[in-house]
Amino acid sequence: VKDLIPNCEYYFRVKAVNKIGGGEYLELRNPIIAEDPKQPPDPPVDLETHNPTSKTVTLTWKPPLFDGGSKIMGYIIEKLAKGKERWERCNDYLVPLLTYTVKGLEEGKEYQFRVRAENAAGISEPSRITPFVKAVDPIEAPKVFLAANLQSGLEVKRGDEIILEAHISGSPYPSITWLRNDEVVRPEDIKKRVTVPKKKKGESILSVRDSIRADHGTFTIKVENDHGVAKASCEVNVLDTPGPPVNFVFEDLRKNSVICKWEPPLDDGGSEILNYVLEKKDNTKAEMGWVTVSSTLRHCKFHVTKLIEGKEYLFRVFAENRVGAGPPCVSKPMTAKDPFSPPDAPNKPDVEDVTSNSMLVKWNEPKDNGSPIIGYWIEKREINSTHWARVNRNLVNALEVKVEGLLEGLTYIFRVCAENAAGPGKFSPPSDPKTAQDPIIVPGPPSCPEVKDKTKSSVALAWKPPQKDGGSPIKGYIVEMQDEGSTEWKKVNEGDKLFPTCECVIPNLKELRKYRFRVKAVNAAGESEPSPATSEIPVQDILEEPEIFLDLKAQDLLSCRAGTTIKIPAVIKGRPVPKTFWEYEGKAKTAAKVEATDTRSEIIIPECNRSHSGRYSITAKNKAGQKTVHVRVNVLDVPGPPKDLKVSDITRGSCKLSWKMPDDDGGDRIRGYVIEKRNIDGKAWTKVNPNCGSTSFVVPDLITGQEYFFRVRAENRFGVGPPAETIQRTTARDPIHPPDPPIKLRIGLVTKNTVSLTWKPPKNDGGAPVTHYNVE
């Protein structure tokens, strides 16, 4: 029976029916309520234990797969101690949730647990029993972590509160100790400004009220239990104004200036020093206040100027950071005065290296009287004058000076004074008188001679003039030589036959003999010291292998137009003079003309043509060796005629021409082909196309039945070459093939000696009318 209404009461009856009819009904005595049957639920599933301690354990499970047709009202938890036989109920009231913490366990004992579900129909069978669980606290080493905002340190201003928060874990729960700079933090140590309020388990907060600069440092929280120790640290910076600078001293005291110098504060207040403020005070007047010298100093040093000589001053300096300025550092009283006096007078100067317009003045350094000498002033006076003239515009730092611009023939004296920070001192006594005139001495030696050339009987030498001519022009040079095995130097030329230039040729020497040479310079004062001597030089001819230098245009490839003149010039070097000859492809070139000297050879080919293309060689030969240089010549001309010109694919309106490239392209790339045609009755050739890039072409527009000749010419950038022509005439007509066979052959009248045959013409006549039939 279907489609009943839930919770409604129904009566039912039933009767039997056969083909005659129905019998009597059988009815229920009591009504039936339409509702699902109820029964106790299935047991819970997936029972698990969590977080056991010495007193408790937490259980979790999942509801039964079938609730028995009635809502689960709650759960019953049971435990069984190890060694016991009876299960004990753990909860007095049904547990409505899927988790429960069992309390009241005995430390050290082992327990098993199970869970039952209950609905309106009853209590389910128990769930699967858990494994034994021991009632002991878990073992966990302590851990501590500072709050996220403290990971990179904490910075507060003076007077603000320092708050440090940490998160703690561990089992058993660890003990907590706060330290600063490795010392335990106690409220009494920080004037009772420290508090550690008690928070919930797992947290600890350290608070320092009214912070001061001394509170900065490393704060550490230390947690400890039986299983270990853990620490976490935070750098705390309390910002304050910096302390006073230290070690204020004076340097380089002068009558109107002084350099103030100090060192940074021992405590920068936790922030970078931005600048210093320097102030001064006139200590001779009590009513005078402090005056700012500079308020933007980045360094610990400052040069104070514009002081009044003889006055006493006080200085003080403040350090500033981004919080503000700290207390000052005050100097000792200082009186503005120079600690030294001008230098003494130098000794009498010496005058050297006298010329017609200059003299070198030298002196010794005098006593500086407490301040380093910064330079010297030099004065000059003509001996017949009473006026001293300053030589230098700027202080001279050396102990000598070259005085120039003197007048030749006049006599001069000089004096010098030194200057330091206190000013110039007294002048020295005047120097001895000196007249401005050039001294004349013998010149310096020339440079060592070099061999520029030699033969079997002579040597050519060259040298450089002396660096100093001795004050007189060089008149000439004397050359001396020393024979092999001798220690005596002989003059090649005498003093009345000087070599005027720095080179000479020494003749009449013995072949294969060795000689050494040296040179002397001569001026009005006499002969110089000899130059360094050469090494021993053997007298013999110099052998040099031949060298050939071609014109740059002909070094790799020489290209020229047909009909022009080919010239290949070559410069020849070598000792002795080499003999030269030209060859073409390894053979002498008879058509060429050769013009040659000792140092030059040139081959000339007038009115060249393509046959003159190829490799030309010039060979130079002497006792020292042989040298050959090659030049490739390319004579450029129009291309030759194409090859194998053929006609094919003839129709009544066109034909196809094909050919091969010429054997000779004229030395240049073929750009295309010119195709021409001629009627057999005509004399003029007509261009078929302006240019053809391939080696075949279909000639269009032929007249049917007309006979033609064709020719093809190759073209490069130098022009169109000779043609290749067809020998046989070409008739413009469609191609003729044999006809197809006749069709429908029939036998007609037959007699004793004749037979009558009939047939029809072929379907295709092969392109021409059928002229006759052959009967077999």
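Cβ from N, Cα, C; glycine included.
Residue ranges 334-353, 454-473 are listed, and TrEMBL annotates 334-353 among them as region 'Disordered'. In summary, the domain 'Ig-like' (532-634) lies against the domain 'Fibronectin type-III' (641-734): three or more C-beta pairs, each 6 or more positions apart in sequence, are under 8 Å. Tertiary neighbourhood of the domain 'Fibronectin type-III' (741-776): same-chain residues 734-735, selected by CB-CB distance under 8 Å and a gap of 6+ residues from either end. According to DSSP, the domain 'Fibronectin type-III' (741-776) comprises 0 helix, 14 strand, 22 coil.
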